[in-house]
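Peer 1: Structure incoming, see below.
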Amino acid sequence: MNGGDEVVAAPPGPPQLLDWKFSQVFGERTAGEEVQEVDIISAIEFDKTGDHLATGDRGGRVVLFERTDTKDHGVSRRDLERMDYPIGRHPEFRYKTEFQSHEPEFDYLKSLEIEEKINKIRWCQTANSALFLLSTNDKTIKFWKVTSQETSLVARSRRVYAHAHDYHINSISNNSDGETFISADDLRINLWNLDISNQSFNIVDVKPANMEDLTEVITSAEFHPTHCNMLAYSSSKGSIRLIDLRQSALCDSHTKLFEEPEAPSSRSFFTEIIASISDIKFAKDGRYILSRDYMTLKLWDINMDSGPVATFQVHEYLRPKLCDLYENDSIFDKFECCLSGDGLRVATGSYSNLFRVFGCASGSSEATTLEATKNPMRRQVQTPSRPSRSLSSITRVVRRGPETPGVDANGNSFDFTTKLLHLAWHPTENSIACAAANSLYVYYA
Amino acid sequence: MAMIDEPLYPIAVLIDELKNEDIQLRLNSIRRLSTIARALGEERTRKELIPFLSENNDDDDEVLLAMAEELGVFIPYVGGVKYANVLLPPLETLCTVEETCVRDKAVESLCRIGAQMREQDLVEYFIPLVKRLAAGEWFTARVSSCGLFHIAYPSAPEALKTELRAIYSQHCQDDMPMVRRSAATNLGKFAATVEAPHLKVDIMSMFDDLTQDDQDSVRLLAVDGCAALGKLLEPQDCVAHILPVIVNFSQDKSWRVRYMVANQLYELCEAVGPEPTRSDLVPAYVRLLRDNEAEVRIAAAGKVTKFCRILNPELAIQHILPCVKELSTDSSQHVRSALASVIMGMAPVLGKDATIEQLLPIFLSLLKDEFPDVRLNIISKLDQVNQVIGIDLLSQSLLPAIVELAEDRHWRVRLAIIEYIPLLASQLGVGFFDDKLGALCMQWLKDKVYSIRDAAANNVKRLAEEFGPDWAMQHIVPQVLDMINNPHYLYRMTILHAISLLAPVMGSDITCSKLLPVVINASKDRVPNIKFNVAKVLQSLIPIVDQSVVEKTIRPCLVELSEDPDVDVRFFASQALDSSDQVMMSS
């Protein structure tokens, strides 16, 4: 298996460069308006069909949006035409409802405040016309059912899965069996049955007997999209472990380990910090895993554990500034990543409300930088879609995005306070939803 | 009552309460459904109440669950079996809700109703309902339908039967694993209603699909089907079709599947007969007993006695016993604990010689296990071994282990062993209680932990019950009474408590001659807590002893206490005096 060539088998030649356009913004900030901390978006997730989109925020709220362009929601086509809407179909959403998922709490035993901030949202299998989703803050996972009652939508908490995590929950993920899900914190991963909220099974425990021996924590975990027995989790040391739930009840030993050793020459004080993986995502077909660390996006083939099949530089230009980034804690920012439904592209966020889209198909050199504004291409430097240089003979392709960040060309300095951490790719179409502070932007191509 | 005067009243109240914001009121109203139906009469129940309930399906799970349950026994209220079909629509709706327990209950009620329905009604109403659910857009409906086929199938005409089998077969390949799981769970029940020729063809092919499912969660439910189908098939068919599947399952990649096999394997032995058991199932079971995964070994160890009962003793000794030996030193305490909870049952199976030679050393090593659950599991089943090897041998080897547990530094362990002492006493008889055990029983009365002292007092009483007052007078009472002189008042209080428990068992004479003087003496104690406990104990002794004793001994003492400087002592003393007054008046 020679990875680079086989990233995607099907299409002949690299797919076209996508032309990204602004679609919608929700909660746009007016000039000079101050952002309330509680309004900052902390999670974004499309459902499996792409007909719904959910966001969570630091205030513990979950906001739901529904797609309007596929179903006729009362606005007739003629009305749309009269309003001179482009008929070219791309996902459009409208606000559906919102509810308070989590409240701030206080753990009296440990004297700890528990923030209401939503860390993750995951949509669940629809069992009837209602919508179901899981949301979690640092400690407690909740299962929500949203139904329309008469004219309004009502969200009811169906179950609360609490008291199973000593550390902060960083991930939740549904199993393809439709009845179980996992929740991961810094040191443990627990397996739940959706129907049972008072017990869970610990399946991974990396806590050392002596906490002083702790060198590595779990940063993210996700179930395989179709194999119910397989899950992957990433660590602060930059490794991804694939585990097989069939092997044993407590999966302390992994089936496969994916990591790329740093060249000893480039080792520095920051090496370990920037190696930490902030997010992993399986591609829809389950063969590839995308991971994001501070500097790069990496695409892994689960059949090849010798190294990533592709690496995309996201923050290479920040390397000289690592010291400053460490000083102001930015180096610990956790950027999410996502893959397109067809597996041909990957995306992740950056500073100054920028996000980047890379083509990962064989021969593609697509690398686009967009800004989360109404004019996404504003900041983009001319990076012509260079014809792929003859890299295809090399097994491991390191593709580089524009090395010179657009910023410097514009004479702006990077703004570390505006960071685009959360984004999600529509499951079936080329559409990306991303969060810039309290605003949700949707783009299409 | 309003119900009789005004027939509209109950339904109005019901509707009102069913819409109430307070879930408890809604729940109460559902729980009273049969009362309301009786008040309404059969016709209005059919025409008004049931349609109303059909619409009321977006409530809390608890209310829906109660409704699903009530409707299952509602046939008498709608006018008997010939109207049973009116109950189907609300239950059909409940079969589609997302909450599993509500759906399960609705399916259960539908089965209950369907089992009573007339054949033509089943064809006209029940089978179409099953087909509607089976074709449901949401998986919840399809999941529910799987549990109804065994009711629908027997009454169906030939063509419909073919259709029902085809639908079930589709369920076994449904896109949703939830539906396949439900199909796997219900396959045995459905198969039991299917005619033999179809069983061998259609059902077996569905079974094959399920056993090869990608999802562990489906395959492991198919394991259940092995035992169920095995019982339906002729032995030679079972050997041909089920045996290879179960042998494969016993080596499945997924520990959860092997776990299910470990739990079920013994049930298949009878279905396949002795020879395949010896040649295939015993080796499979031995593999499971040595499985890599502790959870699988726990399940296998827990079934070791059941499995051995089916085998002949030679096979058990030759193949299973060596594994049992290994398991007794397994690295997982839970495996050892599971083994300890069943291993005693092997003694009668293996007979005296093998038990003494092979099992006893294992018992002893488990009795010395560092994990208390393991030791307790052994002790709680001692009677089974006693019957085989006799008390002498048992007490020789056991006693040291029990003594060790009795002095365990974890008070919960001590508590558990105390609670077993009366059981041990009844199992092993009076001879087992030598001085050492007697001394232990006394020692617990002086334990540092209240719960232990409390349990010890109870233990003393139960021993007296078991062995009778004479034995108790010799072995317990004097030692207990001695301790009333303990310098610490908490221990003296324990003795008072023990006396109050012993008195009813020992009877009037001994109480008067031995126990009462000690209590009276304690009324002079310097600690008020002792004194008011004396008052309480005296009160409890009043019904036991003669009236003359009450007059002569108990009342004077209580009178004295009722003038005590301490308010609590006065309170309990006067309470006891009041109660003695009442006894006097009533006699």
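Just so it is clear, glycine is given a Cβ too, placed from its N, Cα and C backbone atoms.
Annotated repeat 'HEAT' per TrEMBL: B:10-48, B:203-241, B:242-280, B:281-319, B:320-358, B:359-397, B:398-436, B:476-514, B:515-553, B:554-587, in sequence order.
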Peer 1: Residue counts in helix (H, G, I), strand (E, B) and coil for the repeat 'HEAT' (B:10-48), per DSSP?
Peer 2: 33 helix, 0 strand, 6 coil
Peer 1: Within the repeat 'HEAT' (B:515-553), count helix residues (DSSP H, G, I), strand residues (E, B) and coil residues, in that order.
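Peer 2: The composition, in the requested order, is 29 helix, 0 strand, 10 coil.
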Peer 1: As a quick check of your reading of DSSP, tell me how many residues in the repeat 'HEAT' (B:398-436) are helical, how many are strand and how many are coil.
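Peer 2: Breakdown, helix to coil: 32 helix, 0 strand, 7 coil.
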Peer 1: Should anything in the same chain at least six residues away from the repeat 'HEAT' (B:554-587) have a Cβ under 8 Å from its Cβ atoms, list it; otherwise answer none.
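Peer 2: Distal contacts: 516, 520, 523, 528-529, 531-536, 538-539, 541-543, 545, 547.
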Peer 1: Please indicate, using numbers and ranges, the residues of the same chain that are 6 or more beyond the repeat 'HEAT' (B:10-48) and have a C-beta under 8 Å from a C-beta there.
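Peer 2: Residues 3, 56, 59-60, 62-63, 66-67, 70, 73-74, 77-79, 83, 86.
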Peer 1: On the 0 to 100 pLDDT scale, where does the repeat 'HEAT' (B:281-319) sit on average?
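Peer 2: Per the prediction, mean pLDDT sits at 94 for the repeat 'HEAT' (B:281-319).
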Peer 1: According to DSSP, how is the repeat 'HEAT' (B:281-319) divided among helix, strand and coil residues?
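Peer 2: In the repeat 'HEAT' (B:281-319), the DSSP-based counts are 32 helix, 0 strand, 7 coil.
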